[in-house]
Amino acid sequence: MNQNICGGIVITVLTSLIMKLVVSVIVFALFKLARAQNECTFNVTNPEYEQTLPVLLYNLSSTYELAIPNQGTIVLTSGQNISLLCSGNRNYVRQTNSNVTTVTCLENQDVKLYRKVYKFHDIKCKHAVRGDVRKTEEKCGNGQGVVYEIGYPVSRRDWVTLITVCHVPEIGHTLYTRHLLHGKEIKYASKSSYRPGFSTAGLDSSVPASVAYKQTFQKATFSSILKSSELSNHFVTNKSYLSRGHLSPDADFLQAPTQFSTYYYLNTAPQWQNINAASWNSIEFTVRKLAELYGDLEVITGTHDVLTYKDKEGHVQEICLGSEGKLPVPKYFWKLAYGEKSNRAIVFIILNDPYVQSLENEVFCNDICQKEGFTKKSWKDLHSGYVFCCSYPDFLRVVKTAPRLTVDDVLSNPQ
Ligand SMILES: *[C@@H]1O[C@H](CO)[C@@H](O)[C@H](O)[C@H]1NC(C)=O
Ligand SMILES: *[C@@H]1O[C@H](CO)[C@@H](O)[C@H](O)[C@H]1NC(C)=O
Ligand SMILES: *[C@@H]1O[C@H](CO)[C@@H](O)[C@H](O)[C@H]1NC(C)=O
Ligand SMILES: *[C@@H]1O[C@H](CO)[C@@H](O)[C@H](O)[C@H]1NC(C)=O
Ligand SMILES: *[C@@H]1O[C@H](CO)[C@@H](O)[C@H](O)[C@H]1NC(C)=O
């Protein structure tokens, strides 16, 4: 009897425990379901609508910040806001006719704009956003340049910078650009095939960038500098010419509008096309791989010195695509990858001269490429653009226009 009673109690306790467990599992599941439904997930690299995608910004208390996706999507909680920007000449958010608007996440793809509900990807810009340029008063590049910013005007007061440019306006020469590379996101970056034309925004009106790169113009320029059309025909051919070498490359940015915002003459310098397509491309790729490994890196890309060739009479002449020293062709391009948290940096330098015969006096630091794990056979080919690597202190000793950073060690490539 006692045993039975006791057994009965045990069973009752057990049943109530099981019931409690079942109830809490159900409550937990319902809670999860509710949460999942009250979240918004926007795919921001969908080719169907990314070309007219607005720039996505978070409105923080005193400033705006670019929204960085997570694995290619922007996730918001229900009730959270995101600001959408469509800047540029005759550009606006289609639904509101304004340059900036704010929507509130409801759930899944649904957002609220004023009192109406829209699918997120139906809120579009009239045209592709390509950014704007503003000039600041700040000096840079050892006093030689002025700071310009490529980015987005949000309001009379607010501006969001994507690329910082150190530029010498009188000769249309960019000393360097800086941008942030979000390495962990880079494999989800937009693969948009649309590319805008290059904009002259920010350039001094005396700099003839939009004509100077034309191949017939380059031939004439070389003829005049080298005093020989034969020499000109040797350097400038259908296969060999100076192209608009991106400093901050489009492929370092995540969404279509930010990629489009790299298409400024301000963000380029004259670079031999075969070098651009070979070793320079390879350096850009290497830096993105480094960022995939290390996470966010600041990337600073610049130019150094002016390329020279001997004219018909054997005199050394500086090569510039414009007259009076405008649009000088850099002898070197460089790219510095910097881990701000680790205070580590590495500098890749490329010789922008496919016609170089010998490397005597051309490599200006102790080349640490191999020692630090950057071994690419093609980097040592003169015609594809010879590449060497410098530690930051070594580099700074020669390139006085580079920005000052706190660097404690070399950013190496683990093998
Ligand atoms: C976004 O959409 C495109 C096209 O449907 C798809 O290829 C891509 O994988 C999607 N990205 C994510 C993160 O879901
Ligand atoms: C989102 O925006 C709406 C309307 O602009 C505003 O009323 C609300 O307070 C904002 N919510 C948050 C969380 O900032
Ligand atoms: C804002 O939108 C108008 C059209 O509504 C456009 O003309 C103007 O250029 C835009 N302003 C900026 C700063 O993008
Ligand atoms: C951003 O937030 C500020 C302050 O909360 C507000 O005044 C402003 O209108 C917001 N901007 C947009 C585009 O919603
Ligand atoms: C180079 O291009 C021009 C114009 O496109 C053409 O007339 C010329 O035949 C080409 N020369 C060679 C060597 O391919």
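Keep in mind that glycine also has a Cβ here, set from the backbone N, Cα and C atoms.
The feature active site, proton acceptor is assigned by TrEMBL to His246. TrEMBL lists Asn276 with the feature Mg(2+) binding site. The annotation domain 'DNA/RNA non-specific endonuclease/pyrophosphatase/phosphodiesterase' is assigned in TrEMBL to 159-395. Here TrEMBL flags 191-380 as domain 'ENPP1-3/EXOG-like endonuclease/phosphodiesterase'. Sequence annotations record features per position, and here TrEMBL assigns transmembrane segment to 7-31.
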Checklist outcome for this item: Here the mean pLDDT of the domain 'DNA/RNA non-specific endonuclease/pyrophosphatase/phosphodiesterase' (159-395) is 97
Item to check | Residues satisfying Cβ distance under 8 Å from the residue listed as 'active site, proton acceptor', sequence separation of at least 6 | outcome: Thr262, Asn267, Thr268
Next on the checklist: I want to check the contact list for the residue listed as 'Mg(2+) binding site': same chain, sequence separation of six or more, C-beta distance under 8 angstroms. What comes out?
Outcome noted: Ser243, Gly245
